[in-house]
Amino acid sequence: MELLKTYLKNMPKYEKIKAHHLFLLITSFYILASSVSYYSGFLALFSAIFFYISFIVGERLYYILNLDDISKYSSIFNLKKPYKPNYSKHYKFGILLMFIGILFIFFDILWVRDIPLFDPTSRRFLNVPFTALSHLLLLGWAIVVASNLSLDRVKIILYSIIFSGLIMLLGYRTNVMILFLSILFVMYYSNRIKTKELIYSAFGIFLILLFMSILRLYVLGSGGNPIFSRVDLTMSIFDIIVKNFNGMFGGLLHYCAVYSYLGLSPGPRTVIANNIGVYGATITPTIFGAVIGDYGTIGIIPYFGILGIFLGIFYKISESLKGIYLGVYSILVSYLLVGIETGILDLDVILYYFFGLVLCIYVILLRILKR
């Protein structure tokens, strides 16, 4: 905590807290708060530092590619006019995604004929495609807030609480975290809240997570520390993967991340659980464990290198253009931070990253056409 206070005190006045800062900070917390081995802890820390450096490289590439004056570029669809984001269309697109998401929340509940929030055992019967489509509520709301800069903070908070209540019905705490984090990032990077407010709000989100974890333990009739016991369990799984499954899956986890949604394979977290002798449950491998399990220790270099460069460029683009760019970026960063524990092993999340990549390529093409 003292380290964080010192960093904030010495931070330049106009420098913002960015994804690579948070990624390194949270990774360090996971290492220190667990009994992970020194070698596994070193690999996790090295991955976070490599991502940190790659993110900075991505920011520099933004200027090297001369993307810092996007407003002067021609639109791909109209080369005679400079490019200007159509925030009205972004807003309507966000509303459409929200409508689809809310619709499939109710479809999912009707499918199960129960409310997983109050009966966690019923969560296993959720319809996978319906659940994935329900997550569009999170993406849509982030785009709406990023596209309507006149929306005041009170309304944003109020609607966020209402939407979190809806998504919470499916029993996944992660989605509530993603919703609040993404909106927090949208407000922060659109200069609607300051750094101190970001930190206070993040602490509030942590308390919400703690409350939901305690509530879940109460419903299940279990005890224990809901935060540190989960961190220690997750990092112990990472330790097992490093020691016994280093590169052994050969891409199977990420293959299952895609094909499990089509019913052609078990989920990647189920594969991990079964391989360590646990059945009837899923186990999160951490973002580091998923990469090392699939591609070996050497895989962390291209994975976190490409991821860092991509998010570094996308951050600068979203900071400049706002709208759909900022909405999608905020969602990606939220999933990245939550993915430290869960890994990026869901088809819908992978598609969001692909969507962000398409937006980046679109902006780069604007620059190429200008030449």
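Numbers here mean position along the shown chain, with the first residue as 1.
Quick reminder: no glycine exception, Cβ is built from N, Cα and C everywhere.
What TrEMBL says about this one:
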type	residues	note
TRANSMEM	21-53	transmembrane segment
TRANSMEM	93-112	transmembrane segment
TRANSMEM	124-144	transmembrane segment
TRANSMEM	156-186	transmembrane segment
TRANSMEM	198-220	transmembrane segment
TRANSMEM	240-264	transmembrane segment
TRANSMEM	271-292	transmembrane segment
TRANSMEM	298-317	transmembrane segment
TRANSMEM	324-344	transmembrane segment
TRANSMEM	350-369	transmembrane segment
Stretch among 93-112, 240-264, 324-344, 350-369 sharing the most Cβ pairs under 8 Å with the transmembrane segment (124-144): 93-112
Candidate ranges 93-112, 156-186, 240-264, 298-317, 350-369 - greatest C-beta contact count to the transmembrane segment (271-292) (under 8 angstroms): 240-264
Contacting positions for the transmembrane segment (156-186) when only residues 6+ beyond its ends and CB under 8 Å are counted: 98, 102, 105, 108-109, 115-117, 120, 122-123, 126, 131, 134-135, 137-138, 141-142, 145-146, 193, 198, 201-202, 205, 208-209, 212-213, 216, 326-327, 329-331, 333-335, 337-338, 342
